[in-house]
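Notes for the one structure printed next.
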């Protein structure tokens, strides 16, 4: 894209250097799925600006802020800040914050892709592996910092369920209906790797729960303390497995995941902003997500009470749907185009990242902060997770797809949603008190 003659030449030189040194630019399933929410900008609008610095600044604003179809939701961000400043109703703050998180999550995906053009496939892949679910991770960390362990567990669990049932189910359903006369096939190797990791994560989740029911209280053993220690040990195992997964995906067996990077030539994109501009915008977007995540965590109880909806339903169902709306829409569009490898890469990749990285990371961070965060997600939540992983594993075992598989997954998600909608059990009390320097008005 030509912002100016000088900046365009510099940008092309950097792109050429990157492509020559690395051979290929990383494009993950998450990045490609979000690309359908982007729109082309017109360089003529800024090319007439006389001052070079101002021209480049406006060009970046045009690409980052206006370069998405979700740009209409950006006003929700300042509105949420104004609502907090003027002490509007906390449910309004919660709703505006959720809306504001949607374009920010899509823009983080866009910016990580832009940075990957300059860093190469390995660093770009690592960046996406840590920022692919930045919204859920930041919300979880803020919930951990505020010691709202129930919100943390619900939101992470909901993200896994949403990806495995809602995203994958709607993708298989829509793809099957759009390709009734064509057999839809996908590479089982990628699905098998992710299914194995999800089953390992499920084992680590179930061990603390089974230990709690296996040890009888009259034995004098401190069940809570030993469950916490077991959770921390299991979290270390999960993080080691995730590191192995990254090495497996980016280095030793990259050819297994290459199929999800096959796109048509006309869909191929090039870097439209420089490295430092992309990095600066990424930091700014991450801070914006952090601010809105603070609002979401601090006002979720008030929204639950006002709307008459349980915290479990808001955290497990609503937050994951809104936070990953752009990525989910892209996965469905790829399924329409009979590119199921990319759709599976989005759904299974995101679920694996949350299960094997975000969840154990929160346990380890809580360990450092002396907060009793464990892997015991209670019987109902763990049972839903176990049945979900088993249903998905059986669904993907033959390497073919049709719309009936999508119907089954979507109905499973509907049943689980109904379960948590009627789940009116009060959230557990905080186990520890952590002094926070955050805005106390949100938790008043």
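Glycine residues also receive a Cβ, built from the backbone N, Cα and C atoms like all the rest.
As written in TrEMBL, here are the features:
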type	residues	note
DOMAIN	92-250	domain 'Sodium/calcium exchanger membrane region'
DOMAIN	279-419	domain 'Sodium/calcium exchanger membrane region'
TRANSMEM	64-86	transmembrane segment
TRANSMEM	92-111	transmembrane segment
TRANSMEM	123-145	transmembrane segment
TRANSMEM	157-180	transmembrane segment
TRANSMEM	192-211	transmembrane segment
TRANSMEM	231-250	transmembrane segment
TRANSMEM	271-293	transmembrane segment
TRANSMEM	313-336	transmembrane segment
TRANSMEM	348-369	transmembrane segment
TRANSMEM	375-396	transmembrane segment
TRANSMEM	403-423	transmembrane segment
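With Cβ pairs under 8 Å as the measure, the transmembrane segment (192-211) is packed most heavily against 348-369, out of 231-250, 313-336, 348-369. Counting same-chain residues at least six beyond the ends of the transmembrane segment (157-180), those with a Cβ under 8 angstroms from any Cβ of the stretch are 133, 136, 198, 315-317, 319-321, 323-324, 327-328, 331-332, 334-336, 338, 340, 343-344, 346-348, 350-351, 354-355, 358, 377, 381, 384-385, 388-389, 391-392, 395, 401-410, 412-413, 416. For the domain 'Sodium/calcium exchanger membrane region' (279-419), DSSP puts the residue distribution at 118 helix, 2 strand, 21 coil.
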